[in-house]
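Data block below; observations after.
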Amino acid sequence: MWVLALGGAFLAVAKACIFCRLQDHALANRLAQLNNQTKPKWKWKEWASPDFSAFALDEVSMKQVTEKTHRVLRVIEKKGSTSLIPLYWQWLQKTRIPQYTREALCAPVCRGSTILYNCSTCEGKEESCWPQKHCYPDSHDLWDARILLLCIFGIVLLSGVVSLQVEYLNLQAKDL
């Protein structure tokens, strides 16, 4: 029963971004073969979420994720260590794909708009780039930089006026 459930999980995640490009790597078939070799040691629901609709990647990122998955599966196939699949899959879903999604929608990669591929359907759609504040919430935008420069300029100007006044008073004291 567990083998069937695990097989269902692999088929469900077969809609993921890693299967959208580079078909010659046959990742879906290789993942199915690894699944057939697996004795279920883990609960598939804990790691194999079939919902990839929150993720969208550009062409370059999708190829990078596919190549990375190809290399990881090759290592798993050579070692015969199928227990690494859930760890890799969790890392992919929780860390790498969200990072690539953010990079694809933020400057400097994105300029105005970009074509992103939905990771569930593999269909491309033109999307607007995210605003700077959304991409880098802790960073200062151009308006903040202007205010900072004006404050620094004001402080320097004020210290210059104070310094000039002190020098003027010193010169007057020497003349007397």
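The chain as shown is numbered from 1 upward.
A Cβ is built for glycine as well, from the same backbone N, Cα and C atoms used for every other residue.
Note that this is a predicted model, so its numbers are computed, not measured.
Database features, via Swiss-Prot:
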{"type": "SIGNAL", "residues": "1-16", "note": "signal peptide"}
{"type": "DISULFID", "residues": "CYS17-CYS119", "note": "disulfide bond"}
{"type": "TOPO_DOM", "residues": "17-146", "note": "topological domain 'Extracellular'"}
{"type": "DISULFID", "residues": "CYS20-CYS122", "note": "disulfide bond"}
{"type": "CARBOHYD", "residues": "ASN36", "note": "N-linked glycosylation site"}
{"type": "DISULFID", "residues": "CYS106-CYS129", "note": "disulfide bond"}
{"type": "DISULFID", "residues": "CYS110-CYS135", "note": "disulfide bond"}
{"type": "CARBOHYD", "residues": "ASN118", "note": "N-linked glycosylation site"}
{"type": "TRANSMEM", "residues": "147-167", "note": "transmembrane segment"}
{"type": "TOPO_DOM", "residues": "168-176", "note": "topological domain 'Cytoplasmic'"}
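Overlay of Swiss-Prot feature records on the structure.
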residue : record                      : CB count, 10 Å
CYS106  : disulfide bond              : 16
CYS110  : disulfide bond              : 19
ASN118  : N-linked glycosylation site : 19
CYS119  : disulfide bond              : 25
CYS122  : disulfide bond              : 15
CYS129  : disulfide bond              : 17
CYS135  : disulfide bond              : 15
Margin query: As a test of reading the model: what is the averaged pLDDT for the topological domain 'Cytoplasmic' (168-176)?
Written below: 89
Note to self: Given the recorded positions CYS106, ASN118, CYS119, CYS122, CYS129, find the one whose Cα is closest in space to the Cα of CYS135 (disulfide bond).
What the structure shows: CYS106
Next item on the list: Six or more residues out from either end of the topological domain 'Cytoplasmic' (168-176), which same-chain residues have a Cβ under 8 Å from its Cβ atoms?
Entry: none
